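Reading through the structure tokens given below for one structure.
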Amino acid sequence: FVBQHLCGSHLVEALYLVCGERGFFYTPKSGIVDQCCTSICSLYQLENYCN
């Protein structure tokens, strides 16, 4: 996994891969779009959104 811009369905797919069965907490207000779409985010940042 390389740090990258993740937007829309790509962001959701990445969360499914990272979080697996734990699932994830996704709301536009959580800042994940700013962190991962506007900016570049890492695997570790994505894990912060797992349940």
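Easy rule for this one: first residue shown is 1, then count along the chain.
Note that Cβ sites are derived from N, Cα and C of the backbone, with glycine treated the same way.
Remember, it's a predicted structure, so these values are computed and weren't measured experimentally.
Counting every protein chain shown, the Cβ of CYS41 (disulfide bond) has 22 other Cβ atoms within 10 Å. The disulfide bond feature in Swiss-Prot is assigned to CYS36-CYS41; the stated evidence is similarity to another entry.
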Set of same-chain residues at least 6 away whose C-beta sits under 8 angstroms from CYS36 (disulfide bond): HIS5, LEU6, CYS7, LEU11, ALA14, GLN45, LEU46
